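Next up is a structure, given as C-alpha cells.
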C-alpha cells in the first residue's frame, strides 16, 4: 500500500458539493484515537466509502490518509461514531507539502497549528468526569448509610449508579452500535454486553464501576499515546511557516514557505530558524543543526555552505539561495520517513495484530460457553456462571498489547530522529537489534571521501614530475571519480598547463584512458596495469605507497610505464573509536569492503581495528561478500554512501546509509540513515534497536502472561468483575508507559545482539 501512496501526487482536492476531492491523496489529523482494534475497523469503513480507493489510518500518529474522492463529511461521521475528532490538516501536511484534504485552508494560507482541545471541551473526558462523579456520590450514599437517613434507601444509590452508567456508556455504546452495523465485535461491544449483564444480575455498583474504570483506561491510553504524537509534532513545528524573501532591489517580503520557489533568495536573521534548505550566498554564522543531524555543537556556515530547514541561525545574518521546495526539504523528508515507518512493521507488531484479531472473538465465544454449558449440561446454577462469563468478557480486550508495540516503535523512531538517526520502520529496529556483523564500505564511509594526491613518482629518465602530473590530469579531467578530481585539483593548484584530451573512456572500477597529444594514455590501478602486462615492480613505489595505506595509481602509454601517483583518502577521525564502540555493543565482526588493493586496505584496517578485509572488489562483488557473510550465519548491517553501495545495502539484513555525503540511491535504499555522517552513530543505532526490541518483548511477554493468568482465574471464579477490568486497563497503561520510556534521549549502554525467537 505504501507504494500506492508514493505514486500519487499530494495536493488540495477540488471540492464539489459534498466536500469531495479530485482523487488525490487527502490527509486528516485525528484526535482522541487510542484503540488499534477500532482503528482497523474505521480504516475499513472509510475504504468502503464511495469514491475512496484506499485508506490508511495510523492511530498512534493520529493521521488518516485517503486516496480517492475523499468526502470529508462522511469521514467525520465515521470518526464521530467512535468519539474521535477529525480535521483536515493545516496549511502543510506533515511531509511539508500543501494540505491535501477537502475543507483545509487554501494553499498559501499558513494558520498556526491547532492546539489539542482542553479536557473540558472533549466529550469523552466530560462524560467520564460526570460518570465518575455520579459513581462516587452513589458509593458515598451506600457506604455511609446516608441514603437510608434521607429515606431513599437502596433506590437512591441505584439511581446514582444508573445515571453514572447512562452517562459513561454513551460514547462506547455509540461506537459498539456502529461496529455491529459493520458486523464487527470490538472492546466497546464487550463493555456494553458486560455492563448490561451486570445490571441483569442486579450488580449496579459493579456495572457503574466497570463503565468508569474502562472509560478512565481509554482516556489514559489516549493521553499516553499523545506523548508519542507530540514528539512527532515537535519535528513538524521546527520549520517556521513563513520566510523572509529578498526581492530585486533588496526589498524584503514575508511570504508562506509554500510560495517560495527553488532559486529564490531568503534572509535569516540571528535567533531565527531557517525555513528552507539552501546554500549560503552571503554572510556567515554559527548554526545549531542538532534537530537534523544530532550534532550537539554549532556548525560554522559561510558562503557556499549548505543549511537545512528547521535549524537555528545563532549569531549572524545569512542570505540563502533556496535549493528545495518546502515539501522536499531534508526536514520534510525526515518527517515523511517517520510517518511512513508504520508500513514496515516488526514481527512483534504483526504478532500483536494477529493475536488481537483471534483472541477477542475467541474470548467472546468462550464467555458464551461458560454461561451456557455448566447450567445446561451439568445442572449448575446459572447466575454464578453467567457472572464468570462476564468476567471473561471484560478481560478479552487486547488494546494494551496491540497498542503498546507500535507506540514503543514510534517512540524509538522519534527518539532516533531527534539524534540524527532516521529509522524507516519498526522492522528495521528489530533488524538492528539482531546485527552481529557490520560491513563498512571504505571510500566515503570509513574514509573522509575527499582523497588528496600526496605523491608523484615519475619513472626515472622517462618524464619529469610535472609532465607526469599533467598527463594524468589530462586523462582524469573527463572523469567524475573522487580520485580523478584529486589529480586534477593538484595539477590546478600547482599551476600546470594541462593538455587537452580526446576519446575519454572510463574503465569501471579500474581506471581510465584517453588520447593526449596523439597518444593513448592509461591511468589505472596496479591490477589493471598487471592485466596489461605493464611492469610496475621496477619502480618500487607501488608497494611503498600501498604499505603506507595509500592508493597507488599507475600511468603508462604504449606499454611503457610513466610513473606512479599516490592518493590518500584518510580515515575519518572517529573511525577507530566507532569500530571500538561497535565491538563494545556486542558486534562480533567488523568487515571492510573496498575496491582498493589489499595492502592499502589492510593498512587502513589496522589503523581502525577492523577484523576482516575484502579488497579489490568490483561493485557487484560487494553483494557477493554480504551474501557469503549471511550464508555463514551472520546478521549483517551494510554501511555505505555511494551508488555502487545500493545493491549491497538492499542485500544486507540492515542497510545503513550516510546521509550528508551519501548519494540519493544510498539514502533511498538504506533502512537507517545517519544524518551527520558520524560513524559513532552506528553504535547508537544498534543500541536503539536493541533497547526498542527489548522493551517491545517485555510488553508482549507481560501482556500474554497476564492473559494466561487472568483467563483461568476468571473461569475458576477467583477474580471479580471490577478487579478484572481494573487489572486489564491498568496493564494496558503499564505496557504503554514502558514503551514511552523510549522517548528518552539517553543512549543505551553496552548490550549484546538479540536473537530470534
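The chain as shown is numbered from 1 upward.
Just so you know, glycine gets a Cβ as well, placed from its N, Cα and C.
Feature table excerpt (TrEMBL):
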REGION    1-22  region 'Disordered'
COMPBIAS  1-10  compositional bias 'Basic and acidic residues'
DOMAIN    24-87  domain 'HMA'
REGION    86-115  region 'Disordered'
COMPBIAS  93-107  compositional bias 'Low complexity'
TRANSMEM  126-143  transmembrane segment
TRANSMEM  155-173  transmembrane segment
TRANSMEM  185-201  transmembrane segment
TRANSMEM  207-224  transmembrane segment
TRANSMEM  355-379  transmembrane segment
TRANSMEM  385-413  transmembrane segment
TRANSMEM  700-719  transmembrane segment
Treating G and I as helix alongside H, and B as strand alongside E, what does DSSP give for the domain 'HMA' (24-87) in helix, strand and coil?
22 helix, 23 strand, 19 coil
Among 155-173, 385-413, 700-719, point out the range having the most Cβ pairs under 8 angstroms from the transmembrane segment (126-143).
155-173
If contact means at least 3 Cβ pairs within less than 8 Å, sequence distance 6 or more, would you call the transmembrane segment (155-173) and the transmembrane segment (207-224) in contact?
yes
For the transmembrane segment (700-719), which partner among 185-201, 207-224, 385-413 gives the most CB pairs under 8 Å?
385-413
Grab the same-chain neighbours of the transmembrane segment (185-201) for me: Cβ-Cβ under 8 Å, and only residues 6 or more beyond its ends, written as numbers and ranges.
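Apart from its flanks, the transmembrane segment (185-201) reaches 35, 37-38, 41, 165, 169, 172-173, 175-176, 179, 207, 210-211, 214, 360-361, 364, 383, 386-387, 389-390, 393-394, 396-397, 399, 721.
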What mean pLDDT score does the domain 'HMA' (24-87) have in the model?
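That stretch averages a pLDDT of 79.
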